[in-house]
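**Q** Summarising the annotation, Swiss-Prot assigns disulfide bond to 24-122, 52-162. Among the features that Swiss-Prot reports, N-linked glycosylation site is placed at 101, with the record citing sequence analysis. Look at Swiss-Prot and you will find 1-23 tagged as signal peptide.
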């Protein structure tokens, strides 16, 4: 009995370690969470986007980078994680609480956090030594600049209802792109530890 228990413990440790893959499999649940987050964002619509046309802005979504094949697997994972983290940061603020239906906002933040938690199981093994060697990766800097532009826009517009509506629509674009990136990673086997 002790031998079987030891063997099971060793299997678990190997599977979740840098050489294993169980902790880094991009599951179907991650995709379902992504779809649910998009559905919630759609339901958060309070204003007609047409009534806010004067507030439109091109935030410069790095769509080609996110949806194209420019990124290596570890970079793609990092970009996906950063996009979800920054999306969470946009909606997890005191100012966003005043703009949206609290229940839908909480559900969206919970859904984004669940996606991040799932990806966190991969973060160490995937990022590991490569991240420290690369320092600040250009794709991550691009994503951060994109989201900084969104934060700056909200502040510039005084967090108005129209500004939030424009950002909601933009976040739907961003999360749709991140879902495309998730699909691409899943097609590569979803196992982000594989070579």
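Including glycine, each Cβ sits where the backbone N, Cα and C put it.
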**Q** By CA distance, which of the disulfide-bonded residues (52, 122, 162) lies nearest to residue 101 (N-linked glycosylation site)?
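**A** If we rank 52, 122, 162 by Cα distance to residue 101 (N-linked glycosylation site), first place goes to 162.
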**Q** In the structure shown, which of the disulfide-bonded residues 122, 162 has the fewest Cβ neighbours within 10 Å?
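**A** Taking 122, 162 as the disulfide-bonded residues, the minimal 10 Å Cβ count falls on 162.
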**Q** Give me the long-range Cβ neighbours of residue 52 (disulfide bond): same chain, 6+ apart, Cβ under 8 Å, in sequence order.
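**A** Same-chain residues close to residue 52 (disulfide bond) (Cβ under 8 Å, separated by 6 or more) are 162, 165, 166.
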**Q** Note down the number of other Cβ atoms within 10 Å of the Cβ of residue 101 (N-linked glycosylation site), including every protein chain shown.
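**A** If we count other Cβ atoms within 10 Å of residue 101 (N-linked glycosylation site), we arrive at 13.
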